[in-house]
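Working notes for the structure below.
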């Protein structure tokens, strides 16, 4: 069952924040992590056990306070739009024009494994 776990954590410093995000993202079942630095909260959405998330956060060395655990909010429903009538646009030519037609060579990309002469020759 998908849950949204909200934790209150001290998010000062980029290095500590990166360690924390790496530790939480390593928990099995985490789908999405949202960080609100202004409030000092982290929202974790997914099938992950909230206890596992708290243990991982404390192993990083951060003090954790559990704010809430519950179902994630429902995605906002978009109002149905009426189909708009399409305006008739003049058709454009699908031919691609070459900016420099006198120098038109095909380009073939090769890596070192697909080259015809694999041996080294210096001349």
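Every residue gets a Cβ built from N, Cα and C, even glycine.
Pulled from TrEMBL, these are the features on record:
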DOMAIN    2-65  domain 'HMA'
REGION    66-108  region 'Disordered'
COMPBIAS  78-98  compositional bias 'Basic and acidic residues'
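A mean pLDDT of 89 is what the model gives for the domain 'HMA' (2-65). Secondary structure counts, DSSP: the domain 'HMA' (2-65) has 23 helix, 22 strand, 19 coil.
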